[in-house]
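Only one structure is covered here, and it is reproduced in the block below.
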Amino acid sequence: MEKRLIRQISYQEMREQLKNAGNSEADAEMYMKFMKNHCCYEAIPTSCKLVIFDTTLQVKKAFFALVANGLRAAPLWDSKTQRFVGMLTITDFINILHHYYRSPLVQMNELERHQIGTWRDVYLQYSNHCLHSITPDASLFDAIYSLLRYKIHRLPVIDPVSGNVLHILTHKRILKFLHIFYSTQKETVPKPCFMQKTIQDVGIGTFRNIATVQQTASVYDALSVFVERRVSALPVVNEQGKVVALYSRFDVINLAAQKTYNNLNMSMEEAIRRRCCFVEGVIKCLPDETLETIIDRIIKAEVHRLVLVDKEDVCRGIISLSDLLQAMVLTPAEISSKSTM
């Protein structure tokens, strides 16, 4: 697109929406209306990195490329059909490792020599190959809905005319776009009042049956939790339940780079010690901190979630980007990520 054809909500309109601070309904709908009035193209950075894989590329080279570029996924191009057919993600790698690690029929070093297309056709039969995408002029509200409804972390923005992928939209990018807007307009556009409420008051996040892993557990145990619970990161805890580290899906891809995926019986403690690049630290928050404080922290740290701890550093919950976007954008619209529009 040569220029951004967007339906922007004016600053005056936004001020008008918030001028009556006592109007709790208008206050709660502020971010929802913001997302409905801004399109996906606006959220695309001026400069960004995009890697695209042909389905004939060797799997090992593809995952090495992800690691080298600090990426978690890449669109897949099928040169035979001349179209994008899906995404290669770290989730694929985790599913493969978990499914075939203890298989007597398939050796792990055999898998990495295959082409991506073979992986998709043979070894990933049990996974969803459907490519979910969005157009540049679609609203950010629609993008958030797609991300949360389909439980995906990346949404390709595809130009309907050229068929080119312009960007991979994520929860983190959308929230950062919102944060940048309000940071630059803070003198003229006030933030909604509910941003001053505490985490324990708003109840955003997961506080029961929290997925964690003991530091004495094996990497294979962690993969099992990733697959069964469909979470993107696991707080690593010691015997007292205190959080000592965070092990994310992206850490798993380093097993390929270090050629250690044939030793998934190593302890989490050892795996954490061995990781060497793109480490996402444990960024924590307390129940009495405000929503505004934790959003500022999650944006500045460029992480995908915060670990809620008590004063003894014991894990009490997880607050993810999807939790925040659901509460700030979809819930005011009376939409659950499980519903259809």
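Quick reminder: no glycine exception, Cβ is built from N, Cα and C everywhere.
Per TrEMBL, these features apply:
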DOMAIN    45-105  domain 'CBS'
DOMAIN    127-187  domain 'CBS'
DOMAIN    206-264  domain 'CBS'
DOMAIN    278-335  domain 'CBS'
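Looking at 127-187, 206-264, 278-335, the range that has the most CB pairs within less than 8 A of the domain 'CBS' (45-105) turns out to be 206-264. Taking H, G and I as helix, E and B as strand and the rest as coil, DSSP gives the domain 'CBS' (206-264) the counts 20 helix, 16 strand, 23 coil. Each residue of the domain 'CBS' (127-187) gets a DSSP state, and the totals for helix, strand and coil are 24 helix, 11 strand, 26 coil.
Broken down with DSSP, the domain 'CBS' (278-335) shows 24 helix, 15 strand, 19 coil.
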